[in-house]
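Report on one structure; see the data block that follows.
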Amino acid sequence: MFVTPFVCDHDSVSCCLIGCVLIVCLCVCVLSVHCVDSETSAVHKTGDTWLRWRRQRVEYCRCAGRERCHFVPVINCYASLCYNGGTCKEAVYTSDYICQCPAGFSGTHCEINTNEKCAVGQGEGYRGTWSISHSGAECINWNATSLRGRRFTARKVDANSLGLGNHNFCRNPDNDSTPWCYVYKGTQIVWEFCSVPKCPEDKYQECVLGSGKSYRGTTSVSKSGSHCLPWDSPAVKRKLNNAWRPDALELGLGSHSFCRNPDGDAGPWCHTYRNMQLTWELCDVPKCSRRPSIISTLGPPRAPTTINNNRATCGQRLDNSLNRPAYRIFGGRESDITDQPWQAAINVYQARSRRHFHRCGGVLIDSCWVLSAAHCFEASDKAEKLEVILGRTFRKQNSSSEQIFKVDKYWTHEKFDNETFDNDIALLRLKSDIGICAVNAPEVLPVCLPEPGLVLPSWTECEISGYGRDKEFSAEYSERVKRGYVRLWPNERCVPDVLSGRPVTTNMLCAGDTRGLDDACKGDSGGPLVCRNKDRMTLMGVISWGDGCGQKDKPGVYTRVTNYINWINGKIKANPV
């Protein structure tokens, strides 16, 4: 029999015992036909039907060699099947349903939390979007036909409660030590642990304040020793408190079995089976000895109202690359984000093109706080149009290491002068519903803030970084983050005479490469000038302005951060996350 040659995909390879090099593989692989939804990238086998949102309407789709879709009328579901406050819609002429998810959630049942950046404990309740194993391999979709016959797949009866679905995100369905996934090793399918960041351990998370309505720990056993049922177990579907409540997220209910107190009872409790009967029991969660202070998401506890240096983590690259050779930010080669893990990219949404565009750089100074330059923001810029990206080496390319945040609010300095760029500093508060924003990783770390009044010796070698233009008149910003060396100029040389007469105030400092090789340029504004102080990289300046880019004997001008420590701490104290 003649078989038309074709290239086997990963699902096809799994059909073959010895790989696609043998002709017999082609005969077997031809049976493995599936469709990949063009809107959601979900995988469906031949004959599957599903609904999807398209242009605010619902389409009914069928996999028949390729996806075939048409719009259908929908009604509200008789009983909601959606998590986290999702709205359930059912097609009029079929039994198919679809969930309209609130912001921050996705998936067939709104079970995927796109804002969940780290795993608590062993990660059995992790519902984020990490999809890379420890070895760097891309995870296989839990619904892939290649996983048929495996113990944990999206076809498992209790897949929803385990977090398994038509996606390839890391999960921990068997209470292993950390989330994991299936990956391909050649033609073989194996499982590997994932490199999901661990949430900072909070000693108060596993104890109760008051009646425990705010308890979000991981205790999942009642006082009698019974194992708690998941809040999305079919057994509790008709109970008042379950994962399908519209306000389930606020109450801490979801696709997990952790003790909670959604109704203001005497303490956290859970549904259990006792003597073959469904009931509920209080959990044995200890009382907190005292009310906790604010816990930093990037390190150990500290005072709640100031950033000041968190010496455990700030300014120290996790991969020990402090002494790597640097590459030029202007007119030279690119760097890697692990060289400058505090570097942020600030993008702004443009309605006409319906996407975000690079505006400026920024500097991560704490989990939910980013510094930038005031001149980067226009009066018409609304916080909800801004986006902050951390952990990305290539400006336009998504990365498994990136952490993306919306901006909750931002402040430019009240005395910012748009002509002289005096007081050119801004502070952004990242948006978070759980008090955790950026999470420690080799690609994402906060820089240290200096002590007020810190003065480093003239000609101290420092680093600058950003995604700005390679040359003064370049049409495009750099595709990749860049890093370079500059030296701090003496105050007596940081004068208008070397900057075409533009005024220089005491709130500014100068730094440059006397060879004219390394300098900041347009698009780098708001980024960091960091110098080593006591073996930590410390933020001495924020990239502000200059007379051209990389001109010999003309320094760049930076906002002097030491003058603004009180301003920064004042904003944070008055506007806690």
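Backbone N, Cα and C define each Cβ position, glycine as well.
Between CYS139 and the candidates CYS88, CYS181, CYS194, TrEMBL records the disulphide bond with CYS181. Within the set CYS63, CYS69, CYS88, the cysteine that TrEMBL bonds to CYS77 via a disulfide is CYS88. The disulfide partner of CYS288, as annotated in TrEMBL and taken from the candidates CYS199, CYS207, CYS376, is CYS207. Among CYS462, CYS494, CYS510, the one TrEMBL lists as the disulfide partner of CYS531 is CYS462. Between CYS259 and the candidates CYS283, CYS314, TrEMBL records the disulphide bond with CYS283. Disulfide pairing as given by TrEMBL: among CYS368, CYS376, CYS494, CYS510, CYS437 connects to CYS368. Geometry remark: SER525 (active site, charge relay system) versus CYS77 (disulfide bond), CA distance 51 Å. The Cβ neighbour count for CYS110 (disulfide bond), using a 10 Å radius and every protein chain shown, is 23. Counting other Cβ atoms within 10 Å of each Cβ, the lowest count among the disulfide-bonded residues CYS35, CYS77, CYS181, CYS259, CYS368 belongs to CYS77.
Comparing the Cα of CYS139 (disulfide bond) with the Cα of every entry in CYS35, CYS194, CYS259, these being the disulfide-bonded residues, the smallest distance points to CYS194.
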